[in-house]
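Novice: I'd like to ask you about the structure that follows.
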Amino acid sequence: MAAASAWIVALALVAALCCSPAIADEHDHKYDHGEELVLWMNTVGPYHNRQETYSFFTLPFCKGPKKAISHHHETIGENLQGVSLQFSGLDMKFGINVPTTEFCSVELTEKKYKAFRYAIKNHYWYQMYLDDLPMWALVGDFGAGHNDKERSTDTMFIWTHKKFDVGVNGNRIVDVNVTTGKRVPLKPGITLHFTYEVNFKQSKVSFDKRFDKYLDPHFFQHRIHWFSIFNSFMMVIFLVGLVTMILMRTLRKDFVRYSKDNELDDIERDLGDEYGWKQVHGDVFRPPDNVMLFSALVGTGYQIAFVALCVILFVIMGDLYTERGSVLTTAIFVYAATSPVNGYFGGGLYARLKGTQWIKQTLLSALLMPAVVSTAILLVNFVAIYYNASRAIPFTTMLVVVCIWLFVVLPLTLVGAVLGRNLAGTMDIPCRINPVPRPIPEKKWFMHRWVISLLGGLLPFGSIFIEIYFVFTSFWAYKVYYVYGFMLLVFLILTIVTVCVTVVCTYFLLNSEDYRWHWTAFLSGASVALYVYMYSFYYYVMKTKMSGAFQTTFYFGYSALFALVVGLMCGTFGYAGSSVFVYRIYKNLKLD
Ligand SMILES: *[C@@H]1O[C@H](CO)[C@@H](O)[C@H](O)[C@H]1NC(C)=O
């Protein structure tokens, strides 16, 4: 056990090392007077769906006259998240104001007119970056009136002027605002003259605090959020108390009963006075069906839990949310670096459950998550390519991801599996396994293992659904998720609740003399995925204004992935908790 924990610490160090280059990549954000500033145009897309984005220049905008582009760094996370930075061509120098200047013009052919019209009608807005600070502006505007029904779409207007206000503190940029102006009615055949202006102002905002204006404490630290955390916390205390009390009492009673039984003579016992979990002692340690898949799922679940914990901790320590794509990049690196966790737990479990084809099992473990994730992403990607969205992942990025899998994930999983087989591959089970499986008695419908599995996810879901609302809102709408402290708490609460609930489920199952607890324990944790996915339907209908094939595929594809990840993790928590429980109770059993 000590070896294993030392090894895990070593692993965390490796993970930290692997991530640091990805975290510290940006230039130092210090400028001399007159030094070049680069305005990056990012994406344009409908206001109502943050995740549907197209490269800015897919709309017939034009670039400024400046051609020289200073160095720019892109990370895998950025590419996977559909960031597509392109130089705007605008000439800007630190500390030097620019009066209103025309930088380019566009003659509106029928085609360009239609493109703008479509964009304005769908409330498109675009995003820009100056010194890593994001800015947003609407493409245009139409009619008068308060909502879409009152407005007429006959006259559309496009904003052709951009005014940049740059707040400067010493030699650093601490604040940027963009204001659009000059509302030009959109007509085919006219020429649009795009202008810009830059004003520098002294600002008192400190450099560390410059991202604070993008955060929304009123939203994230709303009373409801605190309340739900408190609520879940109380639930945990209550649940843990309840579970320990019930189990202690019933188990003690069971043990007393069983030891009394031992004193009775054989004839009396043969009359069938015994019932309950003791009856299946010859079968509980029988390996489940589909051992290979089972251990691959559990191994993957351990890895996901580990990745989630590491990423949350890294983000809390490094305020990573301020950098584009860095959370995702970190997650990918941590995932690659923690592959041994998957191999270790999966391989160890497989060996304990008497599996023999361990190479095949390791391959399955290493492939499971990447295969599922890439299938989902590729599907969404095809739709994205069809709609020409910037979401389409560049080929080189895909190649990098494949290489990471082949040269990092696979070998590390193998190493983990070898370690797992040797260090955790044997277990002295407290009861012998009967050669012939015991028939499973008839039981009430609610004791059926599928029903138990299905109900198991309900309470864990209850403890996280408020947090899921916040996570979804920051993913699908324009909010930066930054309350990772909350997330850590919810993660811990979820772990405890899942373990408690599955232990109770396992007890009920075994007590109904059904020994197939491995899968039931796993599934009763994993069924939280089902509820999360159902919740995503509710969220789609009630909270978003998405429509169309692209957005729908995108939304439900990614929600399914999210639900699956949560499910695998909870399933593993459930199984881990239950196996400790099962081992404990049968160890204390006095067998004749
Ligand atoms: C940007 O806008 C905010 C809010 O209107 C204002 O407080 C801030 O001073 C502006 N910054 C600059 C540099 O003009």
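Backbone N, Cα and C define each Cβ position, glycine as well.
Heads up, here are the entries from TrEMBL:
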type: SIGNAL; residues: 1-24; note: signal peptide
type: TRANSMEM; residues: 226-248; note: transmembrane segment
type: TRANSMEM; residues: 291-316; note: transmembrane segment
type: TRANSMEM; residues: 328-351; note: transmembrane segment
type: TRANSMEM; residues: 363-387; note: transmembrane segment
type: TRANSMEM; residues: 393-419; note: transmembrane segment
type: TRANSMEM; residues: 450-472; note: transmembrane segment
type: TRANSMEM; residues: 484-510; note: transmembrane segment
type: TRANSMEM; residues: 522-541; note: transmembrane segment
type: TRANSMEM; residues: 561-586; note: transmembrane segment
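Any idea what these are sitting next to in the structure?
Specialist: Residues of the same chain lying 6 or more positions beyond the ends of the transmembrane segment (291-316) and with a Cβ under 8 Å from any Cβ of it are 12, 15, 19, 23, 327, 330-331, 334-335, 338-339, 341-347, 349-350, 353-355, 357, 360-361, 364-365, 368-369, 484-485, 487-488, 491, 495, 518-519, 522, 565, 568-573, 575-576.
Using a Cβ-Cβ cut-off under 8 Å and counting only residues 6 or more beyond its ends in the same chain, the transmembrane segment (363-387) has close neighbours at 292-293, 295-297, 299-300, 303-304, 339, 342-343, 346-347, 393, 401, 405, 409-410, 413-414, 417, 549-550, 553-554, 557-558, 560-561, 564, 568.
With a threshold of 8 Å between CB atoms, the same-chain residues lying at least 6 positions outside the transmembrane segment (393-419) that come near it are 7, 76, 79-80, 82, 332, 335-337, 339-344, 346-347, 358, 361-363, 365-366, 370, 374, 377, 381.
Long-range neighbours of the transmembrane segment (450-472) within the same chain, counting only residues 6 or more positions beyond its ends whose Cβ lies under 8 Å from a Cβ of the stretch, are 220, 224-225, 228, 232, 235-236, 239, 481, 483, 486-487, 490, 493-494, 497-498, 501-502, 505, 508-509, 519-520, 523-532, 535-536, 539, 543, 566-567, 570, 574.
Residues 220, 225, 229, 232-233, 235-236, 239-240, 243, 246-247, 250, 277, 280, 284, 305, 308-309, 312-313, 315-316, 321, 447, 449, 452-453, 455-456, 459-460, 463-464, 467, 470-471, 516-517, 520-521, 524-525, 528, 570, 573-578, 581-582 of the same chain lie 6+ residues outside the transmembrane segment (484-510) yet bring a C-beta within less than 8 angstroms of a C-beta in it.
Under 8 Å from some Cβ of the transmembrane segment (522-541) lie the Cβ atoms of residues 294, 297-298, 452-458, 460-461, 464-465, 468-469, 472, 498, 501-502, 505-506, 555-556, 559-560, 562-564, 566-568, 570-575, all in the same chain and six or more residues away from its ends.
Taking Cβ pairs closer than 8 Å, the transmembrane segment (561-586) reaches residues 251, 277, 281, 284-285, 297-298, 300-302, 304-305, 308, 369, 372-373, 376, 429-431, 456-457, 460, 464, 494-495, 498-503, 505-507, 510, 517-518, 521-530, 532-533, 536 in its own chain, all 6 or more past its ends.
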Novice: Report, as numbers and ranges, every residue of the chain located at least six residues beyond the transmembrane segment (328-351) whose Cβ falls under 8 Å of a Cβ in that stretch; write 'none' if there are none.
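Specialist: Residues 4, 8, 11, 14-15, 18-19, 22-23, 75-78, 80-81, 291-292, 294-296, 298-300, 302-303, 306-307, 310-311, 314-315, 320, 358, 361-362, 365-366, 369, 401, 404, 408-410, 412-421, 423-426.
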Novice: Quick test of the contact rule: Cβ under 8 Å, at least six residues beyond the ends. What residues does that give for the transmembrane segment (226-248)?
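Specialist: Hits for the transmembrane segment (226-248): 459, 462-464, 466-467, 486, 489-490, 493, 496-497, 500-501, 503-504, 507.
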